[in-house]
Amino acid sequence: MDATSPILLFDSGVGGLTVLDELRKVLPDAPVIYAADVAGLPYGTKSEAEVAARVAGLLGRMAERYQPRLICIACNTASTIALGMVRDVLETPIVGTVPAIKPAAALTKTGVFGLLGTEATMRQRYVDDLEHAFAVGKRLLRHGANGLVPLAEAKLRGERVRIDDVADSAKGLMLQAHGSDIDTIVLACTHFPLLEQELREAFGQGVEFVHGAQGIARRIAHLTEGQPFARSTGDCAITTGALANFERLAPAFAERGIDRLERF
Ligand code: DGL
């Protein structure tokens, strides 16, 4: 194993940074390429066929060009739609990001918990299966909150995000029957933990938020255990979109040890 071989983190935008933050804690020396399919952002409003085609096509080309030791699909929408398909076609080990329904079901005291993700994620069979496996005897309420994705993107570009806008996109969760009993919310889109502070203000005290980033980072560390790591040059972020727009994220990337921004 080449010590400079990167771990490739893939998302439609900045959501995967929530996974990168946890990955840095467990594997500080791991070289990383952060790949954002900004030309395809947002995934949450797209059809299954569109998301699957983009993700499989891009990851195939990225695997060839960068020879990563592992790919993490740091996006719930892409993972719940295309994880199986991508694993079938690539030899590189793939770690997916799936809604943290299991830990949230164990945490809820009222027995009513919520799932906030993109609309595309909410309708996936993958989510139905997790609910049937881990939420038996509990009530899981779902809400597709596509509107939170551009707000998280804006925040990381240094723009001010209004709590009212966050609340407007997310409040449909609580407005359903039994919604007022929710005490735990799964953030099932990697963009959403970037707005955790705003979501806390929007939902008020008494609601716990759960997401999968820590578990994903631990899984990556486990799968690469014993491998040599050398971060000789600075890490790199690549975009399928315009570089000028991506460069507005330079401070957010720099904070996370990524100094080179390039177009894929
Ligand atoms: N970050 C992605 C997720 O985890 C979705 C954002 C988008 O809609 O592109 O689902």
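Glycine is no exception: its Cβ is also placed from the backbone N, Cα and C atoms.
As recorded in TrEMBL:
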ACT_SITE  C75  active site, proton donor/acceptor
ACT_SITE  C189  active site, proton donor/acceptor
BINDING   D11, S12, Y43, G44, N76, T77, T190, H191  substrate binding site
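Annotated features, which come from TrEMBL, shown on the structure.
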residue: D11; record: substrate binding site; contacts (Cβ under 8 Å, 6+ apart): A35, A36, D37, I73, A74, C75, A78, T190
residue: S12; record: substrate binding site; contacts (Cβ under 8 Å, 6+ apart): A36, D37, V38, G40, L41, P42, Y43, C75, T77, A78
residue: G44; record: substrate binding site; contacts (Cβ under 8 Å, 6+ apart): T77, G117, T118, E119, A120, T121, G144, N146, V149, C189
residue: N76; record: substrate binding site; contacts (Cβ under 8 Å, 6+ apart): T97, V98, P99, G117, T118, T121, A188, C189, T190
residue: H191; record: substrate binding site; contacts (Cβ under 8 Å, 6+ apart): G13, V14, G15, T18, L148, V149, A152, E153
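Fewest other C-beta atoms within 10 angstroms, among the active-site residues C75, C189, are seen around C75. Excluding D11, S12, Y43, G44, N76, T77, T190, H191 themselves, the residues of that chain whose CB lies within 8 A of the CB mean position for the substrate site are, in sequence, G13, G15, P42, C75, A78, T118, T121, V149, C189. Classification of T190 (substrate binding site) by DSSP places it in coil, neither helical nor stranded. Around the Cβ of Y43 (substrate binding site), 27 further Cβ atoms fall within 10 Å across all displayed protein chains.
Classification of N76 (substrate binding site) by DSSP places it within a helix.
Look at Y43 (substrate binding site): DSSP puts it in coil. Mapped onto three states, the DSSP output places S12 (substrate binding site) in coil. For the substrate site, whose annotated binding residues are D11, S12, Y43, G44, N76, T77, T190, H191, the maximal Cα to Cα separation is 12 Å.
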